[in-house]
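According to TrEMBL, the features are:
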DOMAIN    B:69-245  domain 'MacB-like periplasmic core'
DOMAIN    B:284-396  domain 'ABC3 transporter permease C-terminal'
TRANSMEM  B:20-39  transmembrane segment
TRANSMEM  B:277-305  transmembrane segment
TRANSMEM  B:325-346  transmembrane segment
TRANSMEM  B:366-386  transmembrane segment
Amino acid sequence: MFFYYLDLAWRSIKKTPLLSLLMVLAISIGISITITTLNVYQLMSVNPAGERSDKLIAVQLWSQGKDAWKEFNAQVTYQDAFNLRKSDLPVRQTAMFVTGLAIQTEDADLSPLLETVRVTDSDFFEMFSVPFLYGRAWDKSVDTEAAYQVVINEEMNRKLFSGENSIGKTLFLDSKPYQVVGVIKIWNPSPQYYDVTTGAFTDSAQLFVPFSLAPIEEFQSWGNNQSWKRDSINTYSDRLNSEMHWIQYWVELTDDKQRDEYAQWLTRYVEQQQLLGRFDSPEAAAQLSNVAQWLELNEVVPEDNKILVGLSALFLLVCLVNMLGLLLAKFLKRAPEVGVRRAIGASRRQIFAQHMVEVGLIGFCGGVLGLIWAWMSLSMLSARFDLENSLTNLDPSMWIIAPAIAICAALVAGTYPAWRICSTNPSVHLKSQ
Amino acid sequence: MLQIKPIINTLMRSKSGPILLLIQIILSVAIVANASFIISERIALMDRDSGTAEEEVFDFRLYAFDSDIDIESQSQRDMRAIRDLPGVIDATTTSMVPLSGGGWSSGYTIGNSEETAKDTESAAIYYGDDHMVNTLGVDLIEGRNFYETEIVTGSPDLATHAIVSKAFAKATWGDEPAIGKIMYAGDFGSQPLQVIGVVDKLQGAWVNSSYLDNSVILNVRLVNVFTKVLVRAEVGTLTQLKQAIPAVLHKDQPNRVIEGFTLISEHRKRVYRNHELMATVLSMMVVLLLLITSLGLAGMVMFNIERRTKQIGTRRALGARRRDILSLFLVENYIICIVGGIIGGLVAVQLGQQLMTFYSLPKLELIYPIMTVVGLMVLTTVAVILPARKAASISPATATRSV
């Protein structure tokens, strides 16, 4: 029966090509706008930590003074990071920031490269599920006993060592020799949830060096450095002892129980620091957020995207109302024909089903066309605005979502006209034949 | 206009069509009004002038990773070498590049005593030398530039003199002249800075900040392994200087990374990218929405005409002119448009209210819904006239044949 209805639907569409085309256009444009905005929204709001989202916890401290910021800072001070690392409650933990270093190899022909480098602890790789190609992270002992070791990524490995296994080789960062201990595969979570302070959609660093080297090598911070206090900072140790917030701190906790314990430990830490004269704001406290909460807290999905998704939903609604009107026109025009069919025995249910199949077919065509529009508009936008590829690739799920939305929307719009046509009295139309 | 009553009667008889049209117009007005408001707001944001010679000024980064380099003297040699290059108008080291999105900012303290001292609004800070004003291409409207002898070299804490933007001077001292005023970089009394000049306009690095127009230039040549350099050169010389500058600097000291080379106009494009993206997507939405609405309307009118062929034929037979038939459809359309426009305007204001509550958008200005309704009236007129002309040309004979 379904295929018979499909055949009927196709004939009917062919009979009123202009009206049908208008409908397909309307729904496809509505779908394409919705898909375009939804696609960008979805890619921005995706939680790249997956099932580890609840275990990875960002630590924030209200360490500022009374008249300073009115909210938790996304980063902590070096002093606090240093002290937090002493806790043995978390399964894993890491302090980190980004810097930039000049890279050279023993190959003198290679001109120095200036690259972003993440300064972090060995736990970083395990915590954020960084995939290794060769080797592994530096030993945990390096986190306390600094050693000149480095983890690089596949691309950097290709550039510096033409892609071979480079474990044990030496490269120079700011003219100091570092030993390569690990090569990671290309790893670029989007959003870059573990450090959103310089934008959640920037590329991950290609090199990683031990945090314990920071006070020795005096790595400059390339990230945000926020001060509430007028510390005079002239030397690197001034910086380390200052109240400047510039370090991201993450811990891994297995369950809620451990999270509570850690929260208590932090409360005690805050109290202890207060005795030392820090944390003098009445709001002094610690805040823990898992990845999902962290993305929410840092408003990783820009407001603009939310507004666009909202407006495009309304837009789709307009397209549907438009389609509803056109369908009504189209179906009612066919009333005499339906009258005849009803008179020779077609049930209302059959008439209704037949029209819904027709509507569904229009919706499907609209959905497919809409996908093509969406793909075109996304590639146009990415070319025009030179956006990150990840934001403008059509998400695979959209190949299901788009036609599904289109068909559902069309069916919703088609219900009333189909109902109208099948509920009219056949005798009215028969009379005028 | 005597036709209005029968037209309303017709509309009331077959409600569903006109009601759908009405809903569509209401929604269109609500969306288009808000979208065009956001678009024009973004365009206004992007149009703000940075006060600098954006097409002439570019920056690059210089990273001297070799610890043997004496950066202080190296930097002075570098700057001299750059200024001597053909095409270069002027150059300076800087802490920040206008519109680049990264840099330094701070508030200052002003007042007569510790008790009455207060904080100023935040301002972007440019640390640079006596070449800074000329390099940026900003307009010095009061006071003077730094003298070469006033420039200190080293840490930011050494600053003693300041050139401020007019916006900052106004926010801090109101209508009093800013020249000669003292502000403090530290707490009250610590590190006094004397204002010696005012530039007409100079923006900082962060285009989304509330203090974008507040800028301060301080008389310090920063000494750092990582140096930002601003160069002002004749338009079109960038490609050639991109080669020439690293060549001349590497000849002096090869152990350095030199990269970046971005015109301020390119920084502008990048930092406003999201605003431009938003404006583009919304414009697309507005155009398509209007297109769909008018196509839908045209489709409905076409259908109406077919359905009412007999009625139109009868009217024509009874002496109605083509013009009468045309105006019949137009008046019908205007009634729906006006009613839809009024309700749509109210919905638009409501929607704007919601957007303002939940997001950082300013309040919708009334002119937007009004203009949208007017625009929609014009558009629907076109969408109606085309099919209605066809209706008007129906000959009474064919239309009434089967009556």
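Using the three backbone atoms N, Cα and C, a Cβ is placed for every residue, glycine included.
Note: TrEMBL annotation is automatic and uncurated.
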Under 8 Å Cβ-Cβ from the transmembrane segment (B:20-39), and at least six residues away from its ends along the same chain, one finds 278-279, 282-283, 285-286, 289-290, 293, 296-297, 300, 336-337, 339-341, 343-345, 347-348, 350-352, 355, 361, 364-365, 368-369, 371-373, 375-376
Same chain only, please: residues at least 6 beyond the ends of the transmembrane segment (B:277-305) with a C-beta under 8 Å from a C-beta of the stretch. Say none if there are none. 17, 20-21, 24-25, 28, 31-32, 35-36, 38-39, 42-43, 46, 312, 329, 333, 375-376, 379-380, 382-384, 386-388, 390-391, 394
Which sequence positions outside the transmembrane segment (B:366-386), separated from its termini by at least 6 residues, show Cβ-Cβ distances below 8 Å to it? 25, 28-29, 32-34, 36-37, 40, 290, 293-295, 297-298, 301, 326, 329-330, 333-334, 337-338, 341-342, 344-345, 348-349
Let's see if you can do this one: DSSP helix, strand and coil counts over the domain 'ABC3 transporter permease C-terminal' (B:284-396), in that order. 97 helix, 0 strand, 16 coil
